[in-house]
Each structure stands twice: as C-alpha cells, then as structure tokens.
Amino acid sequence: MTTEAPRTEPRNDWTREEIAALFDLPFTELVFRAAEVHRANHPANEVQLSTLLSIKTGGCAEDCGYCSQSASANSGVKATKLMDVQAVLQRAAQAADQGSTRFCMGAAWRNPKDRDMPAIIEMVKGVREMGMETCMTLGMLTPQQADMLSEAGLDYYNHNIDTSPERYGEITTTRTMEDRLDTLSNVRMAGINVCSGGIVGMGETREDRVGFIHTLATLPDHPQSVPVNALVPVKGTVLGDMLADTPLAKIDDVEFVRTVAVARITMPHSMVRLSAGRESMSEMTQAMCFMAGANSIFTGDKLLTAPNAGDDTDAAMFARLGIKPMAISETQAQVEASRMPKGCVKLEAAE
Ligand code: SAM
Ligand code: DTB
Ligand code: SF4
C-alpha cells in the first residue's frame, strides 16, 4: 500500500537528548511514529532476506564478551580453517534457491591477512555471478583491503559498533570503538555499503542504548543496513554466563522493540535488520519489530554458530503476517535513496 506521508530526509545532527526523548515516548506513540517513517520511505510489507555462512569459525584473537568464537570463550565451538571457495559457492547456491537475495560471509578474525585475500575475492566474485548481493564481515580492514573488496564487487561490509562508546571497553578489551569507526570509514571511502549495528540485551542501560543509536545516527552517512541483534546468550562466554546468573538482566521485548523503532526514526532510509535472537523471540514481538520499521532478517536455521528461526518457520510467519520477501531491485532502490544529501535537513524529534 502506498502512503501520502512525505519521505523523511536523513539527518546526522541528532543529539543524545533527542534520541533519549524518542525512547521515552509512550510505547504506542513511538511505534506509530516509527511506522509512519517506515511507510514513507520503504515498502511497508516487504522484508529483505539474507543468509549467513561462517566461512572461518572460532579461535578468534579478539575477546568480545558475547561471542562464542573468541579464543578466550569456553563455548565448545571448534576452530576451523577458511573454507574452500567451491564449498562456499555451493552454500550460496542453496541460499539463492531458498529465495535469499544476499549472501553474508563471516570470518572469526581480528582482521584478514593479505594471504587470505585471493580466496575471499574469489568468493565475492563467485556469489555475485549467481545474481546475489554479497556481504562480508572479516574484522578490521585497511584502506587497501577495503579497496580490493570494492574492486571485486563486494556490496556490503558488516562491522558492528555493538554498544555505546562508554560501554565498549567492558564488552571488548582487545580493540577500541575508534578502531571500529576507522574500519567503517575505510569501507565507506572504498564505496562499499556499510552494515553496522549492535547487540541489545548485554546488561546495558537505556543510556547505553541511546549512545549506541546516537553513534550510528551521527556517522557521516547512515549505515545502509543497521542490524539490531538480541544477545544470544552462549554458555562459556562472559555475557552468556552473566545473563544465566542474573536473569533479570535479560532485555524485555518492549525495550527491544523501542530500540528498533528509534533506529527506524533516526535513520529513516536505512534497512533495519531484525538480526540474532529471533529464534527465542515470539512471533508477536517480531511482528511488532516489523511494525516499528524492521525490514530485513537473516533466514535459514543457523546464523554463524547459533541457531536461527529456520525457513519453514519464517515462511509460515510471513504468510500469517502478509509479508513478502523484498526483491533485489527494490533493496537497491532503497539503498540508492539512502545516500545522505549535502546539508542535512533538521527535522523535529519528539516534542
Ligand atoms: N569477526 C567479525 C567482527 O567481529 O566484525 C565478524 C563476525 S562477528 C560474529 C559479527 C557480529 O555478530 C558481532 O559484531 C556481533 O554484533 C554479532 N554477534 C556475535 N555473537 C553474538 C551473540 N551471541 N548474540 C548476538 N549477536 C552476536
Ligand atoms: C550481525 O549483526 N549479526 C550477524 C551478522 N551481523 C554477521 C551475526 C549474528 C551472530 C550470532 C551468533 C552466532 O551465530 O554465533
Ligand atoms: Fe572475533 Fe568477531 Fe567474535 Fe569478536 S565478534 S570474538 S571479532 S568473531
């Protein structure tokens, strides 16, 4: 259905106070406003589908407290070598058959080594030849590596800021938020679409969620894709164990939907991805997220190492909710429209 509401121009001068005021709105008011922004800027009942594959699992040198793949975690995830190119392409073909339009390849690296780049480039080229969009998440990139990926035709690079700048050092000690922002800048400068978001439910405060959204919404360009993950608590990780000991720290569904809604309002042209954690989320909470402007998901029964909802469950949910998978042409049109205009227009936030 089309809407009469005008398209919303993105702005990157959001203040923390404005973002906090959005979070503070009565719930139905916040979701209503987010739905208005969603409908004015995106097809309201279409959701983009991406499939993840872990191309190099575990043994990671970073110590991210949420991650099963960190060498410092005791999660039982086995470390593997980088997958063979042909095996990756086979998995991409299966994903395309299932209706996925983007193939996201993830490696548990602090950063790729130069010797890894030829195989990585072959993977990007091969997936693109199948007519799918490509996404990679390989850790920190140098400007040269970003340029190589861009030349190979990489469409998206995922690199999350995860949480607020204040909380960052409590989640990961082996790198800084500045390191993360530097890679995002290298990716943006190379002309690759940026995918950056974070995790909700790591025991953070509302103020941290405000700081997290503020950091993304004040980047020079809004990320074209903003994944909002709900922490998947994995036994043997710092945060998984902390959550098991303090169940009250678990994020409530209303606060999760609020975070999605505020992301939608502050970054109106971005695709907002309802990411990890759907497997343990009710269909109604997911429906509220779609109402609040989430318009992409990961499909299949596995994320990188953690379980995901699965294609049959999602097909049934889409049928019940009347949601249609978004075509690549539509996704590309949305992304083209997301480029930040020169001299951002300031719109009023919550009164
Ligand atoms: N090593 C690369 C990196 O850190 O950018 C790529 C892989 S990493 C697993 C990708 C993202 O998945 C992380 O930035 C984090 O936001 C998310 N993630 C990892 N483990 C998670 C968990 N247990 N629950 C929710 N999200 C998680
Ligand atoms: C993102 O923000 N979420 C995805 C993707 N980017 C790479 C990864 C979620 C990982 C969930 C935990 C796991 O599978 O190990
Ligand atoms: Fe390594 Fe990425 Fe996991 Fe951090 S999130 S431990 S960088 S795989």
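Glycine is no exception: its Cβ is also placed from the backbone N, Cα and C atoms.
What TrEMBL records for 45-269 is domain 'Radical SAM core'.
Its Cβ taken as reference, Cys64 ([4Fe-4S] cluster binding site) is surrounded by 23 other Cβ atoms within 10 Å in the chains shown. Here TrEMBL flags Cys60, Cys64, Cys67 as [4Fe-4S] cluster binding site.
According to TrEMBL, the feature [2Fe-2S] cluster binding site maps to Cys104, Cys135, Cys195, Arg273. According to its DSSP assignment, Arg273 ([2Fe-2S] cluster binding site) is in a strand. Listed in sequence order, Ser50, Cys195, Gly197, Ser225, Val226, Pro227, Val228, Ala294, Ser296, Ile297, Phe298 are the same-chain residues at least 6 apart in sequence whose CB falls under 8 Å from the CB of Arg273 ([2Fe-2S] cluster binding site).
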**Q.** Distance, Cys60 ([4Fe-4S] cluster binding site) to Cys135 ([2Fe-2S] cluster binding site) (CA atoms, angstrom)
**A.** 20
Q: Of Cys67, Cys104, Arg273, the binding-site residues listed, which put a C-beta under 6 Å from ligand 1? Please answer none if none do.
A: Cys67
Q) For the [4Fe-4S] cluster site given as Cys60, Cys64, Cys67, which other residues of the same chain have their Cβ within 8 Å of the site's Cβ centre? A) Glu62, Asp63, Tyr66, Ser68, Gln69, Ser70, Ala73, Ala108, Thr172
Q.
Please report the Cα separation of Cys64 ([4Fe-4S] cluster binding site) and Cys104 ([2Fe-2S] cluster binding site) in Å, rounded to an integer.
A. 20
Q.
List, in residue order, those binding-site residues out of Cys60, Cys64, Cys67, Cys135, Cys195 with a Cβ under 6 Å from any atom belonging to ligand 3.
A. Cys60, Cys64, Cys67
Q | Pairwise Cα distance for Cys67 ([4Fe-4S] cluster binding site)/Cys104 ([2Fe-2S] cluster binding site) [Å, integer] | A | 18
Q: Report, as a single number, how many Cβ atoms besides its own are within 10 Å of the Cβ of Cys135 ([2Fe-2S] cluster binding site).
A: 24
